[in-house]
Structures are given as structure tokens and as C-alpha cells.
Amino acid sequence: MILRFAAALTVGAAGGVLFFAAGAPLPWVLGSMAACAAASIAGLPIAASAATRRPMAAVIGVVLGSSFRPDLFDHAREWIVPLAMLPLFLTSAALLCVTYFRRVAGFDPATAYFAGMPGGIAEMVVMGAERGADERTVGLIHAARIFLVVFILPFLIRLVAAPVTAAPLPPVTGDTANWALVAWATGCVIVGLVLGRLLRLPAWHLVGPLAVSAAVHMSGIADFRIPGWALATAQVGLGATIGCRFVGLSLRVLLRTLLLAAGSTVILLAVTILWAVAIAAVTGIDPVLLTLAYSPGGLAEMSMVSLSLALEPGFVVIHHLARVVLVLVGAPIAFRTSPPR
């Protein structure tokens, strides 16, 4: 597995370089993701797993935590409306997607339900398997949905709103002060991973380091940045883990999965944008920021986009954490009380 993951990082880095040279948004993530997806389809010996994703997610968590400032919650009152509307958004998005997978894709009720929930891959696969869903189909649909959203949304934002660049990659020199900051970052990764696991936080490998880093920055104890090479490597690794989810699939199965996921992705993005525009009209919050906060992509990926746009990653992180908790709690309750037909 180690050699296959090293090969995936090499392929992903090559894709990142190409996307960076082409001026693509989020080049290290999207380039790596595209290159590894292509290599997966071609049958090259690459692989990634949850275990290989965790160190990458931890680094990105520390980076996102470093964007939390003492004044982050000064405008928290403005967040009340989008947070209050989040359950309604999730309900409307889930209803449309479950109906799509049931009526158009022809999935059985349980598979359609958990494939249509806007939650994380691992959680939906486990919940679905326990309730009779086809876990392989649920996993593939969510993997394809995240792939498509992460790939499409940065280009869409750049087209209609603002340029999405690579997330800032601060250089680190060899002086003592900078190496002290690296030590702070490493400490946040280690402590965050331990606490995240002990507290059983959702996406603990990301949220734990993020929370520790945020606490350090918001308290003013330290103000450090992850070295540029480490952040670039983490972004390449993040993209590689998404692209490698298609390893072992035949081209026919992959195309069918992408086609079905494309339908749900269009539904989700349309609903997301409509809600974002409506809430922006009421609150005055940037609709691009709201789109990222509500989008059905991953927490890490959407937060990186907001960081690249110099928007407020903390706003995006908090809304995605709320989404994860709401789906984790609400999906099984709704399945039990109102089972899909």
C-alpha cells in the first residue's frame, strides 16, 4: 500500500504541476484528483485509503485553523439565519436527490435514500449497509458526487464571481523563529489527532487539528503557518485520495456512476445556489461564501476554496460541521420514522 500511495502522490504531483502551469483553480487538489482518476481508470498501480488520507487532512485542518482570528465571531449574529436555514436546505436537497435516485436511477428504497443524503461517504456507507442498502453503490455515488462538486465548483466560481487561485503557500526558511512555528504546527497536528479520536469528533482527523490550531490562533498564543511544501503535499494527497476512489472500476461502471452522480450533482448545486442567493438577499452575506458553506462537497475541499478566495474559512467550516452533525443525527431518524418507498 505504501508504494502504491507513493505512486499516487507522484502521479498527483504531476497533475498538480500541469494544472498550476495552466492557471487552473486549486491546481494541487484538482490536478492531483484528475491525474489519479485517469490513472485509476488506466489500471496503473496506485492506491489510497482512509489511513493515507488522515495525515493530509490533519495538515489541512491546521491550515484552516490558522485562519481563525480573535475577531471571527464579532459578526456571529449574521450567521444565525444561514445556520437556521441549514436544516431546511438539507431537507429539500435530500428529498430531491432521493427521489431522483429512486425514480430515475431505479435504486431500491434504502440505496436511494443513503445515496441521496448530503453526508460523508464513510458515514452514509455504514448507515446504509446496516439498513439494507447496497453499500458499494452508495459509496461510488458519494465518491463521484464529491469528485464532480470539487472539480466543477471552483471553475464555476471563477467564471461568475472571482478568480480561484492556489491556496497560499508560505515559504519557510531555516531560521530559528520559523522552525519554532513549524514545531507549533506539528504539535497542533499531534494533539489534534489524539483529542479528535478520543472525543470521537466527526471527521476527527481533520476537525481535531483544526480545533486545536483555531484555539491557539484565537487565543493569541501563537501565529504560525504550515510550510508551503507541506501544504502543497497535503493538497496533492487530498486530491489523490479522491481520484483513487475509482481504482478497480471498469470504464462502463465508472461512466454509469458518473452519469448518475452528475444528475444528483446538478440538483444539489442548483438547490445550493438558489438557497445561497435567497439567504444573501436577506442577510447581505456574500452569496459565494454561502454557496461554499452550503455546497455538497467535502469540508476540507470547500474550505480550501474559501481560503483561496480570501473569504472566511471559519464560516464555511462551521456550516459544514453543522451539516455533518445534522445528517448524522437526522438521516437515521428520518429513515426509521418515514422510510422511503
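We number each residue from 1, going along the chain as drawn.
Glycine residues also receive a Cβ, built from the backbone N, Cα and C atoms like all the rest.
Just so you know, TrEMBL annotations never went through curation; they're auto-generated.
Since this is a predicted model, take the numbers as computed values, not measurements.
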Could you check which of 37-56, 177-196 is flagged in TrEMBL as transmembrane segment? 177-196
May I ask which of the stretches 177-196, 203-222, 228-254 has the most CB pairs under 8 A with the transmembrane segment (314-335)? 203-222
Count, for each of 79-101, 137-157, 177-196, 266-294, the Cβ pairs lying under 8 Å from the transmembrane segment (228-254), and report the range with the highest count. 137-157
